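Student: Features from TrEMBL:
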type     : residues : note
TRANSMEM : 99-122   : transmembrane segment
TRANSMEM : 142-159  : transmembrane segment
TRANSMEM : 190-211  : transmembrane segment
TRANSMEM : 217-237  : transmembrane segment
TRANSMEM : 333-353  : transmembrane segment
TRANSMEM : 373-393  : transmembrane segment
TRANSMEM : 414-434  : transmembrane segment
TRANSMEM : 454-475  : transmembrane segment
TRANSMEM : 538-562  : transmembrane segment
Amino acid sequence: MTVEEVGDDYTKDGTVDLRGNPVRRSIRGRWKACSFVVVYEVFERMAYYGISSNLVIYMTTKLHQGTVKSSNNVTNWVGTSWLTPILGAYVADAHLGRYITFVISCAIYFSGMMVLTLSVSIPGLKPPECSAANVEDCKNPSVLRLAVFFGALYTLAIGTGGTKPNISTIGADQFDVFDPKEKIRKLSFFNWWMFSIFFGTLFANTILVYVQDNVGWTLGYGLPTMGLAISISIFLLGTPFYRHKLPTGSPFTRMARVIVASFRKANAPMAHGLTSFHELPSLEYERKSAFPIHATPSLRFLDRASLKTGTNHKWNLCTTTEVEETKQMLRMLPVLFITFVPSMMIAQVNTLFVKQGTTLDRKVTGAFSIPPASLSAFVTLSMLISIVIYDRVFVKLTRKYTGNPRGITLLQRMGIGLSFHILIMIVACVTERYRLKIAADHGLIHKTGVKLPLTIFVLLPQFVLMGIADSFLNVAKLEFFYDQAPDCMKSLGTSYSTTSLAVGNFMSSFLLSTVSEITKKRGRGWILNNLNESRLDYYYMFFAVLNLVNFVLFLVVVRFYVYRAEVTDSVDVKEEEMKSMNDK
């Protein structure tokens, strides 16, 4: 390779190796590095969902908790697991970098899994056995046992806080957006990333859930722990091939400086010439392998932060680029708020949907019965199929008409997912109403522990539709928040996606408790321990209306949202990009 070819082989997006040296694209990154990241995700998701998918059943049958309490404990823990990535993103972007933050978090994650497995295995730590038909007759586990169990769960949640926002970002960092071919490959990364997630989830929802229900919780939790150990090992094996981006300082501090400086100069006369606003020389950005961002007309009040007024203190004067970075993060907030409601719907899959399955006939053939939590596998299967069809068929067809390399915009893809959520809750309402009719027709409304003469597969449509919705909404959401975040705040942008799921789970807990209490006081409760006496159909119809209102608000948000311009969107790069896309 000639000297000129070697020089052109270096990445142009500022990525380095662990020692801070520039990297060559032919040696590091691309799908060669991503293969380790994707395989890691398969095993890690198998481990995580091996715990979360059946957790509500464990809390009901082993910890002897009722419907509302067990569901809320699950959604509160899941919410925490999705909220801690904000901290992980901050540490990665501001201090340690994504790789080091990820490795440390893996150690915390694995320790939580180890203790959790011990808490369901060791006689002195696992809850007492109970053969009584009613939860009220069972002996509750001691405070020590509960402390160890929930302590392990939340240690696990802290560990995932450092892995979730960084692993997908590490994967995306393996593609240089300044190389047209790599930029095109990156467009498919998030589709296949979600494919790997749900492939691991499929194993958890079928094999692991069956082991937990029919073999035992010791092996049922031991296998996910082994899976996590394998996933961490696979990731570490890929270390020589990874590209890394250096930490660029706290994104929260940068945003706070812009907001404070804007308010401090709220009464200053506004100038209009570019020379009146502070910006670093282009050479300064080139030295950092970064690019300045030009001023945009939105959120113009924040432009005051870069207005020159004589003082150069960092809390009084920011660069135009810092102002625009803050604008980009703030512009995404309305989209983030819109995703809270569908995230509440996702919380129902592993709680109320699973609880519904416990009341139905689970027999498939002979002596084989399907565990209720295994219905979640159909969410995974439908999503896997939908993602492949979307990436290989839908994108190619729509690309010809729209000229968009993605086929349709990310917000349009999210909108399709949101519309599916309305349909899901309508179907769930109709199905539950039919289930209640069967219970009434056979005089089983007031009986517990008796299976209804109705196959569990009657719930299948709502699970399948949830998978299709996820293939549109969740993939687009993850890619949108990564894509629209400034280059120096990618981990924080990714954490927006996890924050959506966190808030959705907490809102689900709040609504479940509130609706349960209010409806109990007014007569027949909507959510009781005996689901045959409950009115989940009303609860699901309430969610359908909530999703409809949310979709209308989404249309308003989309109407005013402006996508950020990419620094790679020059004419030359666009021409090469379209050529690469056509060659593909």
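Cβ from N, Cα, C; glycine included.
TrEMBL: automatically predicted annotations, no manual curation.
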Student: For the transmembrane segment (190-211), I need the partner stretch with the highest count of C-beta pairs below 8 angstroms, choosing only from 142-159, 333-353, 454-475, 538-562.
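Tutor: Most Cβ pairs under 8 Å with the transmembrane segment (190-211) come from 454-475.
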Student: Ranking 99-122, 454-475, 538-562 by the number of C-beta pairs under 8 Å to the transmembrane segment (333-353), which range is first?
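Tutor: Comparing 99-122, 454-475, 538-562: 538-562 has the most Cβ pairs near the transmembrane segment (333-353).
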Student: Should the transmembrane segment (414-434) and the transmembrane segment (373-393) be scored as in contact, given a threshold of at least 3 Cβ pairs under 8 Å and pairs 6 or more apart?
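Tutor: Contact criterion not met.
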Student: Would you kindly list the residues that approach the transmembrane segment (99-122) from elsewhere in its chain, counting only those six or more residues past its ends and only Cβ-Cβ distances under 8 Å?
Tutor: 18, 47, 51, 58, 62, 88, 91-92, 145, 148-149, 151-163, 166-167, 170, 217-218, 220-222, 224-225, 228-229, 232, 235-236, 239, 242, 244
Student: Near the transmembrane segment (538-562), which residues from the same chain, at least 6 beyond its ends, have a CB less than 8 A from one of its CBs?
Tutor: 296, 298, 331, 334-335, 338, 341-342, 344-345, 348, 352, 411, 414-415, 418-419, 421-422, 425-426, 428-429, 432, 515, 519, 526-527
